[in-house]
Amino acid sequence: WIMGHMVNKIEQINEFLDLGANSIEVDITFDNLGYAEYTYHGFPCDCKRWCTNQENVKEYLNALSDITTPGNPKFRKELTLVVFDLKTGGIDANRMYEGGKDFAGKILFDYWKGSENAGRAYIIISVPSIDHYKFMKGFRERFDGSAFKDLLLEKDGWDFSGNDDLDATRTAYQNAGIEALNHIWQSDGITNCIPRGLGRVNKAVSNRDSPDAFINKVYVWTVEKYSSVKDALNADVDGIMTNHPNVINGVLKEDEFKDRFKLATYGDNPWTKFKR
């Protein structure tokens, strides 16, 4: 998966898809009560990126639904996976669970349109700290007893993006009521302004491939330097988050990688561990 980074304006969705992305990441900000407000990153952000692009969350989700609904004139088949990078740090601790429930409602009614026939992309609920596991718990439990629980079970995955200890991350999922290998993506990364080694990535990949795994997939962020892309692919990651999807596409076409990797399509399940 080539994951377009910080796609916070509606018009940027097609821009990143045109560059070769098959996945996007969008930042979501909240008020202190846990209500989602804007698609906004703010300062600091990646080098050579505009940090203040934003949309109203409802308007963005509606547009995203159009782009990922077959039969809609705006449909783009390339977009198969959306990462919601949830800026939960400003939510009051005692409102984290309710914030998760409220955002689940926005996904259900603004993105899925309260229907099984809209917004076909898979989604990842990405939270920046394992201390915020109650947000995931609230999101998941919003669907308990719901007619749309099957949508959650089919379409939704999880990620803690704060580079936390992997054993502690496993425990956080247990606290959230999410079982091992239940659609879990593990991210690792840092802003493109600063180099970062692959030590933790290698540990995550080892977990993914072990009999005692809790991780289904591994992705790195934010990567665009040619040598760093090659290093990430040689580490056997499943996804690369980038500001320059065209760079990743170019590397994938090289002799070293063209027979080892392919660009994921909608037919490739993002929750299934890939075995060579």
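Indices start at 1 and increase along the chain as displayed.
Just so you know, glycine gets a Cβ as well, placed from its N, Cα and C.
Here is what Swiss-Prot says about this protein:
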ACT_SITE  H5  active site
ACT_SITE  H41  active site, nucleophile
BINDING   E25, D27, D85  Mg(2+) binding site
DISULFID  C45-C51  disulfide bond
DISULFID  C47-C193  disulfide bond
Integer Cα-Cα distance in angstrom, D85 (Mg(2+) binding site) to C51 (disulfide bond): 14
Statement: Cα-Cα, E25 (Mg(2+) binding site) versus H41 (active site, nucleophile), nearest Å, comes out at 11
Task: Within 10 Å of the Cβ of C45 (disulfide bond), how many other Cβ atoms can you find? Include all protein chains, please.
output: 21
Task: Report the member of H5, H41 (the active-site residues) whose C-beta atom has the most other C-beta atoms within 10 angstroms.
output: H5
- prompt: When the number of other CB atoms within 10 A of each residue's CB is tallied over all shown chains, which of the binding-site residues E25, D27, D85 has the maximum?
  reply: E25
Message: Would you identify which of the disulfide-bonded residues C47, C51, C193 has the most other C-beta atoms lying within 10 angstroms of its C-beta?
response: C51
Statement: What DSSP gives for D27 (Mg(2+) binding site), in three states, is strand
